[in-house]
Amino acid sequence: MYKKIKLRDQQISELINLESKRQNSQIELIASENYASEDVILANGTSLSNKYGEGYPGKRYYGGCTFIDQIEKIAIERVKKLFKIEYANVQPYSGSSANAAVFAALLKPGDKILGLDLNAGGHLSHGYKINFSGMFYSGISYFLDENELLDYDAIEKIALKTKPNLIICGYSAYSRKIDFARFRQIADKVNAFLLADIAHIAGLIAAGQHPSPVGYAHIITSTTQKTLRGPRGGLILTNSKEIAAKIDKVVFPGIQGGPFFHTIAAKAVAFKEALEPWFKEYCAQIVKNASHFASEFIKKGIRIVSQGTENHLFTIDVLSSYNLNGKQAQILLESVNIITNKNTIPNDTLSPFVTSGLRLGTPAMTSRGFKEQEFSQMAEIIDFVLRKKELNALEIKEIKKKVKILTKNFPIKKSYWP
C-alpha cells in the first residue's frame, strides 16, 4: 500500500494522504490508470527535481550535469532495448507533448493529419478541432465499420482521396489489435508519415501481448504511465536517424525547456521493471482479465463495442444496455467505490460530457493481483448496480462491503511487483 507521508504543509499532506487512502480503498477500472511501483514513485520525488539541464547528455547549457547525463543515457538505452529500436527521446513531458513534437518536426502548419474519429476511440491530439492538433493542422477522420472494427480498405480510400501528410494509428478506446503493416501500406501509397501512438498499449507491446509497430511506423509516441506503469510522462521512438535528429531539435529547444530529470529517472526505473520476466506475465494477465471481464457482460446480454476485446480495455454501450448515459453510470458506480469513466462510442448521439458508453480497463486491478475470478465478481456487481439504477442505503452498504473485502484482500502492493 502507498504509505502516509508527513509534510510541514499539513493541508497538502492531508490531501495527499486522503488521495492515497482513496486509491487503496477503491476499485480502479479506468483503462488509462495504473499503480506505479514504490521505486518509480520514490525516483520521481527526489532531489533531481532541483536540477536544470537544457539540452541532451554531453550537450547541456548548464554545468553540474554529470549524473543527470548518466541517468538520461540509462533511460534511453533501457527503452531502446525494451522496444528493440534505434533511437529514443525520453524528455517529452506527456503523450500530447510527444505528439506535438512529432507534428512540429514532420509537418508544416495546415498539413493534413488522418486519425480515427474521436467518438470511435481516437484522441484529442490526433487532429481534433478544439485541440492544438486541429487548430494548427487540418484534421481528417476515418471511422470504424458496421462491426465497430477498423476497415483498412475504407481507410485507404479516405487516404487516397484526401492525401494526408501524416496518418495516425493508436487509440484511447479501441479494443482490438492494430494491423500496423497494413497501415504502413496505406501510408506508403500516399507518401505520408505513419505515426503509431501506443500510449495505451505500450506495455502490452513491450511484453509481446500486442503486435509491435517497430519496423512499420516511421515514428512512435507513447505515455509512460499506463500499461508501462511508469511516471506520468511521454516518449518518442524511431528507427530513422534523420527523423530522430528532427525530433531532438523540436523537443529542445523547439517546444520544451529543461527536462524533468526526476521523471526521467522514474521512467528509467519503470523501463527496467518492464524488462523483467514478471512483466510479461503481468501483461498477459491484463489481456486474459479483460477478455474474461468483457465476456461476462456479453453473457448477460450487455452490448460491448466491437463485441469483445483483444487488449486491456472495452467499452459498454450503457445507453442501449441499461438505459443510462455514461455519466450516470460513472456516478452510480463511484457511489459504491468503483471508479470508471464515461466514454463516447462510435456514432454517439450524446455529447462527450454525457456519452453513451462506459470504458472499463484491467491494468490497475491486475497490478493488485486480480485474476478472472475477481473480474467475474466485478461484472456481477457492476451489472447489478447499473440494472438497479437507484440503490437504497442497505444495497449501497452491502456493495461497499464487498468492495472493501476485495481491496483489503488485494492491496496495491499485492502482486506483479519487482
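Cβ coordinates are placed from backbone N, Cα and C, and glycine is handled just like the others.
Residues or ranges marked as (6S)-5,6,7,8-tetrahydrofolate binding site by Swiss-Prot on the basis of sequence analysis: Leu118, Gly122, His123, Leu124, Ser351, Pro352, Phe353. All protein chains shown were included, and the count of other CB atoms within 10 Å of the CB of His123 ((6S)-5,6,7,8-tetrahydrofolate binding site) stands at 23.
Feature annotation from Swiss-Prot assigns N6-(pyridoxal phosphate)lysine to Lys226; the stated evidence is sequence analysis. Taking the Cβ of Lys226 (N6-(pyridoxal phosphate)lysine) as reference, residues of its chain lying under 8 Å away and at least six apart in sequence are, in sequence order, Ala31, Ser32, Glu33, Asn34, Ala199, His200, Ala202, Gly203, Pro363.
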Exercise. Please work out which residue of Gly122, Pro352 has the most C-beta neighbours within 10 angstroms of its C-beta, and give that one of the binding-site residues.
Key: Gly122
Practice problem: Would you pick out, from the binding-site residues Leu118, Ser351, Phe353, the residue whose Cβ has the largest number of other Cβ atoms within 10 Å? | Solution: Leu118
Quiz prompt | Three-state secondary structure, Gly122 ((6S)-5,6,7,8-tetrahydrofolate binding site) (per DSSP) | solution = coil
Quiz prompt | Three-state secondary structure, Pro352 ((6S)-5,6,7,8-tetrahydrofolate binding site) (per DSSP) | solution = coil
